[in-house]
Amino acid sequence: MRQLAKNASDKEIAASPLGAYFMNHGRSVYPADATGVPFDAMAIASTGDPIGDLTEDLAAEQKARVVYDNILKVSDDPDVNDVIKFLRQREIVHFQRFGEALDQIQNRPATKMYCGVEK
């Protein structure tokens, strides 16, 4: 929001599709999805089971990558695209690291210990 509206007047922003966002948050950063739903911790889940948690992490990284792919399909702003490409690549690296961790857990000798806790 900040970067995209940096040269727009307050009246121009208020009259745009970003008007409601601007009225509530001004030019500040407010974590919300594309439809305006605010971020909350409900999207963060932990079961205590490394395989379940890593599998969820893998899915989250892929979902984020898809969002960045979709943004790149419609954006023609080189500055925005550079940031989105960086974030997209970061999701790919995270996916790879979580996959490596999952592989290590699944292929280690049978044990009932996870993170020092007996299961």
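Glycine too: its Cβ is placed from the backbone N, Cα and C atoms.
Whatever TrEMBL says is automated annotation, not expert-curated.
The Mn(2+) binding site annotation in TrEMBL covers E61, H94. Counting Cβ atoms from all protein chains shown, H94 (Mn(2+) binding site) has 17 others lying within 10 Å of its own Cβ. For the recorded site, H94 (Mn(2+) binding site), the DSSP three-state label reads helix.
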